[in-house]
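In what follows, a structure is listed as structure tokens, so that the remarks can point back to it.
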Protein chains: 2
Amino acid sequence: MTKDRKIRLGAFVRGPGHHVAAWRHPDVPANPGLSFQHYADAARTAERGLFDMVFLADSLSARNGEQPIETFERTGHVVHFEPLTLLSALSTITQRIGLVATASTTYWEPFHLARLFASVDHLSGGRTGWNDVTSADAPAAANFSRDQHPVHADRYDRAEEFVAVAQKLWDSWDDDAFVADKASGIAIERHGIHAPDHVGRHFRVKGPLNVARPPQGHPVIVQAGSSDAGQQLAARTAEVVFTAHPTLESARGFYTELKGRLGGFGRSADSLKIMPGVFPVVAPTRTEAEDKFDAIQRLVDPVVGVALVSGLLGGVDLSGHPLDGPLPELGSSDAVKSRLKVVSELAASRNLTIRQLYLAIAGARGHFQIVGTPKDVADMMEEWFTGGAADGFNVMPPILPTGLTDFVDLVIPELQRRGLFRTAYEGRTLRENLGLARPVRGAAEHQERKAS
Amino acid sequence: MTKDRKIRLGAFVRGPGHHVAAWRHPDVPANPGLSFQHYADAARTAERGLFDMVFLADSLSARNGEQPIETFERTGHVVHFEPLTLLSALSTITQRIGLVATASTTYWEPFHLARLFASVDHLSGGRTGWNDVTSADAPAAANFSRDQHPVHADRYDRAEEFVAVAQKLWDSWDDDAFVADKASGIAIERHGIHAPDHVGRHFRVKGPLNVARPPQGHPVIVQAGSSDAGQQLAARTAEVVFTAHPTLESARGFYTELKGRLGGFGRSADSLKIMPGVFPVVAPTRTEAEDKFDAIQRLVDPVVGVALVSGLLGGVDLSGHPLDGPLPELGSSDAVKSRLKVVSELAASRNLTIRQLYLAIAGARGHFQIVGTPKDVADMMEEWFTGGAADGFNVMPPILPTGLTDFVDLVIPELQRRGLFRTAYEGRTLRENLGLARPVRGAAEHQERKAS
């Protein structure tokens, strides 16, 4: 470990917090998903804690139509802000923290999305990141005039072209193309114009973009796919990977494999930061931490618990199976493959009943869960960080705002004391703080030409 | 005129200002289109002036590929923020002013756009409006994998269905559907769920939206079309119409015709506010105002002037025609029909050369242009407002920030002295300030069922 290497931290802000019963907790405000004050407080707390970024998830549907009303009416956080508009608003009340939003390449158009992210990068002075995901859920398809979502392989093919088009659009202009010379009347340096003129399998996009090159060159590219196709896409284009691992061994295997793929794309190991999700329930003593966790677990409605397991398994019907019996045998499916693997392995490895399984994942949902003292959490992070399993972590507070405040007040000082975490922001942009290079204009396109 | 009827005002904020040479003016900052500080100052000035709304235009391309480089490199304001992200940011630094963004129904998906506007309406506490336009420009088509933009009639058919789908999506939930009852574990009142399940000619959208009903019920619907199809769409769905009229007579004719169409849709005359654009160059004396205007006009590069006329005429090639000769005879086209009519009528009525024509439209571009004292501007507005030509105006400052500051400091007090304009905001939402009713949930859908 070099002296300069520091843990990277994301604050994964989900309105009520990550625990499935978070919305019922007395510390959580009612319907926080549409309270700007709530998100503003969380972003300010994360910035006070010197987090690299705020991370927002997304989905393109509110309801799976096949979900029974008994489950749906018990579901918290069904409605919330659209992430890019929320980030734009947050950009005005923060100064240094990165702002990462999730958006799907399956149902967006590259021109719209590249433009929105470029705009937020300008609004925030270079603090944006894009978590590009593909959409696997049928309910989203039904909101976009499609009968079915595309199959896994096609989604990734589209995703790869989508990211390439977005990068070309961000590279539409030299950084100094807009000379705005009032005396001569020349507004744009003509050699600084580089329209993409993209013609591909999925998209034809002429350009140029009607936003100047983003302050970061490109917003930071974040990804979360763990399938083989997902890893290839990440190895080629991602700069941050958010991933779910319930054990150190699983995380280490993923870390080794993904870092190993970078060379094939001419990339160095440190050009991609791997950040597993961590769900921390932290308190000054272990007893207090366990009590805190129990208080949340007690709020899980069995109807919701079973639906959670079923949902993570791609909609498997568990209604005929007793709560205190084992998970039934599962076939393979085109649904979110990585989650399926994680959840079913978890159930098998610990011999869990359905009830035990939903309580085991009601918080972290397949991510690493830790209930303990600040030292326990720092120990775990240090072990993963120095043991070849992580460059940092996406912190998933169980409830908000207190779960994040606890982490900032209790864990951050311990990480700083150990020299594992910054004591001040190093730079002004998200790239600078993450230690990622600013992309040279046209480099992605150049690489594409070489490859073909 | 009733005592309560007041002039409605929009501040049409275009980065450098509306004059085609605005970017070259010494009072205008370099590249204001991507300066948040610049837009924030303009929004705060408009709010200080008690304007109903800030209005942002939009386009989905930076460059017409057929435009010669000599013109393009002399074009100001080619790049700028995307309007919805900009409005989201502005929502945090303003309290009462409305925030209206333009977005095209031709290249957006209803779920994305309805969601973005709903999100901004929540962020702003009910201050959003959507100027829905159709896209007629070929360069936009080339950014969205299309060979050509759709023909006029099809665009309006899609637009009408698009607005209906958006309204159904905003009506996905009762206003009080999210009960968030922590004790019982019921998050959503089941009878408050109303998924659109829309199946139409252009879209199939199941819903519900993943944003709660907007604070205003629906964002205020703004439109700008003046063709027959545009007026029908406006009469059916618009609540504010922004329109371009170079004379009082033209504005009065449009006002009478459009208001006359409302009855056919069961709507009252005051449920739609007609706001012609006004380009005011204002100073304490007429001489000062004229000097101010001359100083801007002198900055028009002939290359840009000719391109402006050509562009407003849908891309007609004027290169073979002498600057000091007349405009050539023009055929009809599918391009923006209303603008074509306005510009060619203007040239014919005043017997203008090409040079005189471009100087005549370099500022207002077909909108009403007035150069004079605060009294002159107030007289004109009073005449249009009381004379059946306008419910208010979309004010298009020639340059920013000073053109807007001048209006707020000089014209607003004169309008207030005459009792024509508010002295304080009446409400908290844009609807309340405009005097528009909050839509009853499901009313649009009910009307649609009756009509079919």
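Backbone N, Cα and C atoms are what each Cβ position is placed from, and that goes for glycine too.
Summarising the annotation, TrEMBL assigns FMN binding site to B:Asp58, B:Thr102, B:His152, B:Tyr156, B:Ser226, B:Ser227. According to DSSP, B:Thr102 (FMN binding site) sits within a strand segment.
Look at TrEMBL and you will find B:21-389 tagged as domain 'Luciferase-like'.
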Non-local Cβ contacts of B:Tyr156 (FMN binding site) (under 8 Å, 6 or more apart, same chain)?
B:Thr134, B:Gly225, B:Ala229, B:Gly230, B:Gln232, B:Leu233
Average the per-residue pLDDT over the domain 'Luciferase-like' (B:21-389) and send me the rounded value.
92
Within 10 Å of each Cβ, count the other Cβ atoms, then let me know which of the binding-site residues B:Thr102, B:Ser226 comes out lowest.
B:Thr102
Can you give me the same-chain residues 6 or more apart in sequence from B:Asp58 (FMN binding site) with a CB-CB distance under 8 Å?
B:Glu82, B:Pro83, B:Ala101, B:Thr102, B:Ala103, B:Ser104, B:Val133
